[in-house]
Amino acid sequence: MANSPHGGVLKDLLARDAPRHDELAAEAETLPAIVLSERQLCDLELIMNGGFSPLEGFMTQKDFDGVCENCRLADGHLFSMPITLDASQQVISDSNLKPGSRVTLRDFRDDRNLAILTIEDIYRADKEKEAKLVFGGDPEHPAIKYLNTKVEDFYIGGKIEAVNKLNHYDYVALRYSPAELRVHFDKLGWTRVVAFQTRNPMHRAHRELTVRAARARQANVLIHPVVGLTKPGDIDHFTRVRAYQALLPRYPNGMAVLGLLPLAMRMGGPREAIWHAIIRKNHGATHFIVGRDHAGPGKNSKGEEFYGPYDAQHAVEKYREELGIEVVEFQQVTYLPDTDEYKPKDEVPAGIKTLDISGTELRNRLRTGAHIPEWFSYPEVVKILRESSPPRATQGFTIFLTGYMNSGKDAIARALQVTLNQQGGRSVTLLLGDTVRHELSSELGFSAEDRHTNVQRIAFVAGELTRAGAAVIAAPIAPYERSRKAAREAVSGLGGSFFLVHVNTPLEYCEKTDKRGIYAKARRGEIKGFTGVDDPYEAPENADLVVDVSKQSVRSIVHEIILMLESEGYFDRL
């Protein structure tokens, strides 16, 4: 029999509210609506299907404060991650939302009504408390970045009535709700289930450690990867799921099943490990593997880990009895070539030869097309990874030129376009500042916010083209550091490489060589908000390349850019 849910009762709101579907659906059409973001959709799905039991809605302030301060809901239940619905003051005011109001929660993807929320309270989001107590306070932490840049200023708490399931069009047969997975376990006759959480592809070592964990406990394996939001730069879930499916036949017959979890990860380390254990308990698992630096975001810009390597294991162990799910500590295994087997590192005698490939080395081999040995990963898995991660010489990239008007950006961009077209191998797209203003941003002015929006539109186009394998050359003025950082994140977040080139031509030179007289007009006050005259240009903090047309020829600058790309592997090496 599957493990009992957290809190004793599976809060399957979809099943609970199904008899009232027509009534709720009709009411939802008459209510004001909040259109949910991708992360909010992930949270709502797991609230409605019981994955977040005992939650029945988004957290009130009492729940939020208790979870942040003590990992406790207001009713005393253990819960480690704030699950909140953020909204702007404008949305709240426009819809006249207040305690007691009912509001429809709507899917941004297809405009479907998903649920009705009865508002219990509206409270200001204490982002500082959440950042410090839940995630550790480092402003570079991805969850804290999200808090500070994406989350609105108010949280809305209240219980939910389910109207419709979210629509999914990928891997539908693998998207088990907690109730469905419990039925599946019963059908298979499984009573002991070891759940394995992952957001990465699995290789032979992962197969070995999960089999060992199951064998030691006379259990079966639930491979339960996250297919919601993970860490920026992770391999997309389509590729990962194909790789998991290819791996599944390598398990002993009937030992493992694959189920997909639509979770929006926060990369919250110890707090997240407790949360993951609760979620797996709700899905019926009796055991849960917690790895080294479980759900950690890696290192900050100083090379420091956000969490200690065993903080997550210690956190889950602290609440072992209350969680009601047995923690299985992730064993680091290594390959022994002399005996062609994997063993836990702490069981390998001194002097025995071992082999390992790090994640960084694997990415490098995928990037360069270098051999990936069968002792590390199965050929069918490697084939799938290579299909989605072609060698860098065939990948796209974005060259983002920034500098004053008339600094030489356009000349460099055009010359670079010709050079790359001559090189061949990928399509080349040119996004000049004036062209973008005319074709994409004609309605925008030159306020700070409009300039930021213009750069983000460029980044969106560049990211999509780069992901498709094109070379993109963008050449806006882009005077603000926050806009350039956001552009880099947008392109990198889609898996593309972004190179920031600061065309650091002095303002005096730009003015002196301005044949159109634009600077002169700005000096006379005929043009307002002109970069370098009455609006600042913030020099980039971390440019990949700095050039200067007053000291270098366009030809030599283009050569520098080509050399930079060549050193990063973007051209075939004979």
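All positions are counted from 1 along the displayed chain.
Backbone N, Cα and C atoms are what each Cβ position is placed from, and that goes for glycine too.
Secondary structure from DSSP puts Thr198 (active site) in a beta strand. The number of other Cβ atoms within 10 Å of the Cβ belonging to Thr198 (active site), over all protein chains shown, comes to 18. Per Swiss-Prot, the feature active site maps to Thr198 (among others).
Here Swiss-Prot flags Arg199 (among others) as active site. Neighbour list (Arg199 (active site), Cβ cut-off 8 Å, at least 6 residues apart, same chain): Pro225, Val226, Thr230, Lys231, Asp234, Arg240, Met265.
Here Asn200 (active site) comes close to Asp234, Ile235, Arg240, Gly359: these same-chain residues lie at least six apart in sequence, with C-beta atoms under 8 angstroms from its C-beta. What Swiss-Prot records for Asn200 (among others) is active site, and it gives sequence analysis as the kind of evidence.
Residues annotated as sulfate binding site in Swiss-Prot: Gln197, Arg199, Ala295.
What Swiss-Prot lists as ATP binding site is Gln197, Thr198, Arg199, Asn200, Gly291, Arg292, Asp293, His294, Val333.
Across the residues of the region 'N-terminal' (1-169), the predicted structure has a mean pLDDT of 97. What Swiss-Prot records for 1-169 is region 'N-terminal', and it gives sequence analysis as the kind of evidence.
Sequence annotations record features per position, and here Swiss-Prot assigns region 'Allosteric regulation domain' to 395-574.
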- Does anything in the same chain, at least 6 positions from Ala295 (sulfate binding site), have a Cβ under 8 Å from its Cβ, and if so what? Gln197, Met265, Arg266, Met267, Gly268, Gly269, Glu272, Ala273, His276, Ala312
- Structural state of Ala295 (sulfate binding site), classified by DSSP into three states: coil
- As a whole number of Å, the Cα atom of Val333 (ATP binding site) is distant from the Cα atom of Thr198 (active site) by 16
- Task: Work out the three-state DSSP category of Val333 (ATP binding site).
- Result: strand
- Query: Of Asp293, Val333, which of the binding-site residues has the most Cβ neighbours inside 10 Å?
  - Reply: Val333
- Item | Inter-residue C-alpha distance, Thr198 (active site) and Gly291 (ATP binding site) (nearest angstrom) | 10
- Task: Can you check which residues sit near Gly291 (ATP binding site), meaning Cβ under 8 Å from its Cβ, same chain, 6 or more apart in sequence, and list them in order?
- Result: Ala312, Phe330
